[in-house]
Amino acid sequence: MVKIGVLGLQGAVREHVKSVEASGAEAVVVKRIEQLEEIDGLILPGGESTTMRRLIDKYAFMEPLRTFAKSGKPMFGTCAGMILLAKTLIGYEEAHIGAMDITVERNAFGRQKDSFEAALSIEGVGEDFVGVFIRAPYVVEVADNVEVLSKHGDRMVAVRQDQFLAASFHPELTDDHRVTAYFVEMVKEAKMKKVV
């Protein structure tokens with residue numbers, strides 16, 4: 001069974017754990033740097049990205065997270081987690097982990113649309129997935145090596161680049177575990193490659 005970590009500094013940690021377990025993998029709440037060694041994949045949950053960055057800095061997680069990103073093990077960022085994975089953030093000079101060749105805008109759906117739900121069609125996952133958007137970012141631009149998995153209107157809301165997956169919405173806040181299951185499959189495939 002693959003072991004998937006959920007970064008436990010802030011955000012929808014418990015809901016991600018439930019979704020990972022419902023998808024047939026073991027979930028670990030990561031609160032210490034050395035736990036990164038023990039997992040096969042990592043979820044960066046939604047939350048408030050500036051608060052999360054402050055906590056990442058406080059507990060000296062940034063370099064270990066960048067090292068994890070270079071290790072070939074899959075990472076999945078939802079909402080604030082997508083912001084952490086992006087190489088370029090509109091209005092900000094520096095990236096956080098900066099693992100994905102994407103440009104992201106924070107709070108991109110505007111204050112009047114603080115939160116809403118939308119039925120999404122997601123490549124590799126299926127139709128009618130209810131995306132829960134809460135002060136959500138979205139992907140403004142992608143490099144050629146990034147696959148766009150889903151759009152809401154003309155805005156890119158789910159993308160994949162090799163072992164990295166990012167979503168604007170919160171898949172863990174529904175009882176539909178298909179997006180988490182898709183990530184679990186990515187982790188299984190990456191683990192199989194390492195074994196060979």
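Quick reminder: no glycine exception, Cβ is built from N, Cα and C everywhere.
Predicted, not measured: the structure shown is a model, and the values here were computed from it.
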For the L-glutamine site that Swiss-Prot gives as Gly47, Glu48, Ser49, Ile134, Arg135, the extra residue out of Arg14, Arg106, Arg160 is Arg106
Gly47 (L-glutamine binding site) and His170 (active site, charge relay system), compared by Cα position, are separated in whole Å by 10
Residues lining the L-glutamine site besides Gly47, Glu48, Ser49, Arg106, Ile134, Arg135 (CB within 8 A of their CB center) are Gly46, Cys79, Ala80, Ile83, Asn107, Ala136, Pro137
Ser49 (L-glutamine binding site) and Glu172 (active site, charge relay system), compared by Cα position, are separated in whole Å by 17
Whole-number Å distance separating the Cα atoms of Arg135 (L-glutamine binding site) and His170 (active site, charge relay system) is 11
